[in-house]
Amino acid sequence: MRVKWLAAAAAVLFAGNAYAAEVSPAVIYDIGGKHDKSFNESAFAGEEQFKKDTGIGYHEFEIQNPSQYDQALRNFARRGYQPIIAIGFSQAQALEKVSKEFPKIQFGIVDATVDAPNVRSLVFREEEGSYLVGMLAALKSETGKIGFVGGMDIPLIRKFACGYVQGAKAVNPKIEIFQNMVGTTGDAWNDPVKGGELAKSQLSRGADVIYTAAGASGLGAMQAAADAKKYSIGVDSNQDDLHPGSVLTSMVKHVDTAIYSANMDMKDGKWTGGAKVLGLKENGVGYTSDQYNKDVLTADMKSKADEAKAKIISGEIKVHDYTADNSCPM
Amino acid sequence: MNAADFLDVVNATLRLSTPLILAALAGLYSERSGIVDIGLEGKMLAAAFSAAVIAALTGSAWLGLLGGIAASLVMAMIHGYASISLRGNQVVSGVAINFVASGLTAFFGQAWFGEGGRTPQLPMTARFGEIDFPGAQAVADVPVLGLVYSHFISGHNLLVYFAFLAVPATWWVVQRTRFGLRLRAVGENPAAVDTAGISVAWMRYRALMLTGLLCGVAGTYLSIAQSAAFTRDMTAGQGYIALAALIFAKWKPWPVLWTCLLFGFLDALSIRLQGVVVPGIGAVPVQAIQALPYILTMILLAGFIGKAIPPRAGGMPYVKER
């Protein structure tokens, strides 16, 4: 109720402003849930930031099962909210349908491309960020073995894995990399027990750094690494504070800033549809370095990663995008 | 697979089959007394939640365990009241328990911690950690015996040992004690037990208390021993798998152990085989590997167990003849 009230208040407040488009943002989280400390939570953070800076409230919905995608989008569109941002690739089909039904409403989607004039597609170059954390993992590893725990087995997650492998092999061509996926359905984003088991299996085979790209399932993998006094790498949000001293770094994907600027663009009348690709250059992805991981991430490692970052931005290093041809050359 | 991989799979098997063993034994007490229990899943879930919350608030794994058992007992008694005292439909009551547990845990989790039904991550001190037996490191290099001692027997958490000890204990209680004789009788022919002057209702309530206790330990294991927090619907169908294992095992304690170990082993194998290159075929797709436990279960169910005959009075509320 408070959110609605805020939105109403904001509507009154901005009624006289001729330049501002009607902005009443809405966000639809994916199955992992708003508080997955990772991907969806990053979207939540972006909306919260927008609310704090502008006083404009937002509407939100958490998907419980795939049959709700259409309903949730249609429901928000019918009420005239915009921009309506769908989080996660699995909402693409529903959005394709609903965006045609409501051509005057502006939509956004994260992690997928929907080809419609009223949709802004926000996609990230996860492979570039993953390349950097792959390098850091290989630099940190003492055993020459590292692991990757993915959520659902889809091209997007393979893209993370492929960038990670390339980065690690750039540092140590002989490095061994174990790759596991939690599952093949949406539930794979929310199964920390299975994530933990996969990590334990990799740890017992000698891996000493584990990168997770598995939403809430990744929390189990990171816990397993912390229990074994080994290292893990977080994903999407900054997860360094989960297990200080064990989390090496996090591959952040700035869903928050992408959503924030989408809302801001709408508010300032600068909204555009089409695809926005966010990589290292656009500061859409990156790795974290803060007070929680300062003891494990050395200056030498950071300078190597930053050097590679500059080379990726300049185009000197080309990181292969798995989704371009559905294969990983490494 | 080499020796190290084998050790890894065996240890994962022990970890993964522990909650199944506990839940299946819980179901054994209930079903042997003539109460069908679909609600194992719900009781485990309630226990997992309660244990995680109490461990998070007090910082004590033991209080967490007590909390888990208490929550599971409450659920078991609700099931008992509905199906013994009120003579309601036991399947309906069990299903209701599952729904209530799933909804309430997510609801309270969100209301108290605001993290989408998750509870805070627990520090190592608030969990059941792995116990290293004395001398485990010293004898690790002794062939076979030392290896078995240091890798399989030592280095698990307390609840794993509890689960494996619960099997012989259950066998002894069911087969060798007066309580066990009456328990079996009340599930086969409650009228005869009643004639002997023993209260059928009280017998069944006591059986359900044991069910609640064991489910409580199973749930506690999930949230504060195997992992470090409660997550929404974290039981992920294990209560139903335990029920299947119980039928598989024809309601007998030792076969329960073997079937649960088998299920745990298949699960562990599916984790370990992921991404492994099979000679001549190449890397097996994740989907195929993850379907493996279910396919094998179907084959075993269809061909190998023979006829499973449930306790004769199972599912029927007892009504005294007037």
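Including glycine, each Cβ sits where the backbone N, Cα and C put it.
Those TrEMBL annotations? Automatic predictions, nothing curated.
Copied over from TrEMBL:
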{"type": "TRANSMEM", "residues": "B:12-30", "note": "transmembrane segment"}
{"type": "TRANSMEM", "residues": "B:42-59", "note": "transmembrane segment"}
{"type": "TRANSMEM", "residues": "B:91-113", "note": "transmembrane segment"}
{"type": "TRANSMEM", "residues": "B:158-174", "note": "transmembrane segment"}
{"type": "TRANSMEM", "residues": "B:207-224", "note": "transmembrane segment"}
{"type": "TRANSMEM", "residues": "B:230-249", "note": "transmembrane segment"}
{"type": "TRANSMEM", "residues": "B:256-275", "note": "transmembrane segment"}
{"type": "TRANSMEM", "residues": "B:287-306", "note": "transmembrane segment"}
May I ask for the residues of the chain that lie six or more residues beyond the transmembrane segment (B:158-174) and have a Cβ under 8 Å from a Cβ within it?
14-15, 18-19, 21-22, 25, 28-29, 32, 128, 131, 180, 183-184, 214, 217-218, 220-221, 225, 253-254, 256-257
In the same chain, who gets a Cβ under 8 Å from the transmembrane segment (B:91-113) while lying at least 6 residues past its ends?
36-39, 41-43, 45-46, 48-49, 53, 75, 78-79, 82-83, 119-120, 230, 232-233, 239, 315
Leading stretch by Cβ pairs under 8 Å, where the reference is the transmembrane segment (B:42-59) and the options are B:12-30, B:207-224, B:256-275:
B:207-224
